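J.: Supplied in structure tokens, the structure appears directly below.
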Amino acid sequence: MTQILAITFPIYAAIAIGYLIVWRGWFKPADLRVLGKYVMDIALPALIFHAVASRNLSEVIRPDYMLVFLVGGVLTLGLSFAWFSLTAADRPRRAIAVMGSTCPNSGFVGYPTMLLVFPDLAGVILALNMLVENVVLIPLCLMLMELAKDQPGLSPMRLIGKVLWGVLRRPMVIGLLLGLLVSLLQIPLPGPAARLFQMLAASASALSLIVIGGSLVGLPMKGNWKMAVQIALGKLILHPVLVALSAAALMALGWVVLPADLHVAVILSAAMPMFGIYTVLAQEQGLEGAASIAMLMATSGAFVTLSVLLFLLV
């Protein structure tokens, strides 16, 4: 139990500090947005770039890990889509619910967690997760959101192009692609440049958790509580369970071979609460209330679910 608290306590203490400094008015929400932009656009891209560029490509590209994470994520998306097609009132609600159940916060919560559990692999795990999420899972969810809008004349190809262009412009994706290019070409990073990226990367963990905590202050709590509970359960329970089952099935078939550390990491990665911009995207559909409730439930509830997983797996 002490070992589990040694991992979960620093994470949730940092989240609590973020909540406290905004709740008490010591920092304004706008201040946290600036810090969040720094983490999202500078610190995490630098971290991913350095983690990938400083390693051989064979150390970074782990097809077995990515296949398990991909299959589990797509299964979660599919089952969530089926469930919320039956229970959600309309397409916008279904799209928001599916996104909340499927897209984990690998950067702001996942990376700090992996840094404590697997310090030597945390950067690589983040890069692998980002690759699967930004190439497949997030674009599929964004397409569902776009299809939920009334946009006559928008062809499927234009929709795909619009979503993929938006993904490719993300600084974290750019950092990942540049890192892969440097690794592929085997270009050595000069010492001063490597130290710069290490400095920027070191600032990501604590700041990201403080930003998550501060972002929970003042979230609108008026919304569809029933749907919010289902979204939170989908994210914290359904997603990691399906990833664990995918890993077991693919390993039993002999299609993948996962080392013990990556086996644990892929399940933990799926157990993270939904990503930080979830409520912002939900606001476009006028559903920020339900999304905020789901995000608050998932972020706080993950303390319990992550503790249980760490007890069972680590």
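Note that Cβ sites are derived from N, Cα and C of the backbone, with glycine treated the same way.
Pasting the relevant annotations from TrEMBL:
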TRANSMEM  6-23  transmembrane segment
TRANSMEM  35-53  transmembrane segment
TRANSMEM  65-84  transmembrane segment
TRANSMEM  96-118  transmembrane segment
TRANSMEM  124-147  transmembrane segment
TRANSMEM  167-187  transmembrane segment
TRANSMEM  199-219  transmembrane segment
TRANSMEM  231-256  transmembrane segment
TRANSMEM  262-281  transmembrane segment
TRANSMEM  293-313  transmembrane segment
J.: Can you work out which residues elsewhere in the same chain, 6+ from the ends of the transmembrane segment (65-84), have a Cβ less than 8 Å from its Cβ atoms?
T.: 93-94, 97-98, 101-102, 128-129, 131-133, 136-137, 140-141, 144, 227, 230, 234, 238-239, 242-247, 250, 255-256, 258, 262, 265-266, 269-270
J.: Using Cβ atoms and a strict cutoff of less than 8 Å, what residues sit near the transmembrane segment (35-53) while being 6 or more residues removed from its termini?
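T.: Distant Cβ neighbours of the transmembrane segment (35-53) are 60, 107-108, 111, 122-124, 126-127, 130, 171-172, 174-176, 178-180, 182-183, 187, 189, 194, 196-198, 200-201, 203-204, 207-208, 210-211, 214-215, 276.
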J.: Examine the transmembrane segment (293-313) against the transmembrane segment (6-23) and state whether at least 3 Cβ pairs sit under 8 A, considering only residue pairs 6 or more apart.
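T.: As far as Cβ distances go (cut-off 8 Å, pairs 6 or more apart), the transmembrane segment (293-313) and the transmembrane segment (6-23) touch.
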J.: Hey, would you say the transmembrane segment (231-256) packs against the transmembrane segment (167-187), going by three or more CB pairs under 8 A that are 6+ residues apart?
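T.: The transmembrane segment (167-187) and the transmembrane segment (231-256): touching, no.
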J.: Looking at the stretches 124-147, 167-187, 199-219, 262-281, which one shares the most CB pairs under 8 Å with the transmembrane segment (6-23)?
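T.: Going through each listed stretch, the top one turns out to be 199-219.
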